[in-house]
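The following features are taken from Swiss-Prot:
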ACT_SITE  R210  active site
ACT_SITE  Y243  active site
BINDING   E40, A53, R128, D326, A339  FAD binding site
CARBOHYD  N252  N-linked glycosylation site
CARBOHYD  N357  N-linked glycosylation site
CARBOHYD  N391  N-linked glycosylation site
TRANSMEM  10-30  transmembrane segment
Amino acid sequence: MPGTVRPGEPVQVAIIGGGIVGVVLAVGLIRQNVKVRLFEQSQGFREIGAGIAFTANAIRCMEQIDPAIVTALRSSGSVPTSTGDEKDPNDYLRWIDGYNLHREDDPYYQRMLYKINAGYRGFEGCRRDQFLEALVKVIPPEVVECKKRLESIEERGLEEKLILTFVDGTTVEVDAVIGCDGIKSRVREIILGEGNPASYPHYTHKVAYRTLIPMEDAIKALGEYKAKNQHNHVGPNAHLIHYPVANKKMINATAFVSDPNEWPNDRQMVAPGCREDMEKAFAGWSPCVRNVVNLFPKELDKWAVFDLWDYPAPFYNKGKICLAGDAAHASSPHHGAGACIGIEDALCLATLMKQVNVSVQASRVSKGKALSAAFETFNAIRRTRSQWLVNSSRRVCDFYHQPEWADPAKWVKAETCFEELKDRSYKIWHFDYDEMIKETLKSYSNREAALLQESSEGSVEK
């Protein structure tokens, strides 16, 4: 009958959202012979032209999902964000004093506060839009449908197909839904409930201004070494981070400023901004920082930084519906790892969907039960780590914005944060994804065994 899941049929999954995590997941599921349909609400793929960086670990996860993803990343102009020099090919994260002038005779001089070795190609940076453009080419065009804003999901029973209704009135039937629709996720609102504070993001009281700057201009502003390597300039109530992108032809620069006020509209996270406001926030900072600020456009967007920390999602799954990436655990960007954690999600889900296919094709368990067990497994494996990131990203921004940076008598106190920052960074960089895969397979297998036992006992009773 129409709408009923037939045993042995290939699993059909709808991915809601065409951001980086949604597209990476689509590539991974296609590789595992899962029938995928990807629905994006905008007319095209929505990433802006700002920079993004991936850890070496996240890139290895991409390789596990499908090597074509790494090929797309490299073809989009990704470069190591922070190699020191020819003698030392490793990447480093650097925190420098962005506020105080330490040498009157050399305005370019800034005191190095801390440096962490991220290893060879520890971070690779690129433009978001260029990576996504290269990534989309990996997916068959018939998989993607744009201008599809999700309105509702109708659940009619575990062994019945889900009915997706879009704002344009069209409907689609699928076996499962994975919401990768970002921080303002409609899928999250559906499974957690309208009006539930956990369904919506909340303001972190930080705003961001970002731009791309030609490398030659960046060198004039910062000096060659700082321009060609990642640096994070910290100071009271603000910080500025930059790193090279586009084959080192540009730098991606983002300024974050603390804001004690409430954001006026939590449905609209972007507002018109101006360089004059940035200049006020960074008045009195080091000449290098002010030089970079002067290279931002006079008129530009001001991005409110929202996240899901105040009211974390209590679960990522409901039946045959699941959340991944920012839809599940949108964090502030201060670890630079939100997308990396989303890539880990995609690897976990691709692993699970492969097992679901095996279970269904072998007729061990029904498709509905297999999918539900898979999403329960995903929730168990991924929620704790991903929620930790949301918390930790808030924590490290507090380090960067300490008022103590402005008081020389309290510099030693302020600098005690860096050992903790190193530990937090290592937790992200040195994640054992092989162990995650093993735990995922074991957890799913245990759930499947419990379902088989339950089915066997039910047959005996009959």
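One-based numbering along the chain as shown.
Placement of Cβ uses the backbone N, Cα and C atoms for every residue, glycine included.
Positions of Swiss-Prot features highlighted on the structure.
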{"residue": "E40", "record": "FAD binding site", "DSSP (3 states)": "coil"}
{"residue": "A53", "record": "FAD binding site", "DSSP (3 states)": "strand"}
{"residue": "R128", "record": "FAD binding site", "DSSP (3 states)": "helix"}
{"residue": "R210", "record": "active site", "DSSP (3 states)": "strand"}
{"residue": "Y243", "record": "active site", "DSSP (3 states)": "strand"}
{"residue": "N252", "record": "N-linked glycosylation site", "DSSP (3 states)": "strand"}
{"residue": "D326", "record": "FAD binding site", "DSSP (3 states)": "helix"}
{"residue": "A339", "record": "FAD binding site", "DSSP (3 states)": "helix"}
{"residue": "N357", "record": "N-linked glycosylation site", "DSSP (3 states)": "helix"}
{"residue": "N391", "record": "N-linked glycosylation site", "DSSP (3 states)": "helix"}
Protein Cβ atoms within 10 Å of N252 (N-linked glycosylation site), excluding its own: 25
Densest Cβ neighbourhood among A53, A339 (binding-site residues), 10 Å radius: A53
Sparsest-packed of the listed binding-site residues (E40, D326) - C-beta count within 10 angstroms: E40
Sequence-distant neighbours of N357 (N-linked glycosylation site) in its chain (C-beta under 8 A, six or more apart): P10, V11, Q32, N33, V34
Nearest recorded site to R128 (FAD binding site) by CA-CA distance, among recorded positions R210, Y243, N252, N391: N252
Surrounding CB atoms that lie within 10 Å of the CB of N391 (N-linked glycosylation site), all protein chains: 13
By Cα-Cα distance, the member of binding-site residues E40, D326, A339 nearest Y243 (active site): A339
Recorded positions near R210 (active site) (Cα-Cα within 10 Å), from E40, N252, D326: N252
Listed recorded positions among E40, A53, N252, D326, A339 whose Cα sits within 10 Å of N391 (N-linked glycosylation site): none
Surrounding CB atoms that lie within 10 Å of the CB of Y243 (active site), all protein chains: 27
Spatial separation of N252 (N-linked glycosylation site) from D326 (FAD binding site) - C-alpha basis, Å: 21
A53 (FAD binding site) and N252 (N-linked glycosylation site), Cα-Cα, nearest whole angstrom: 10
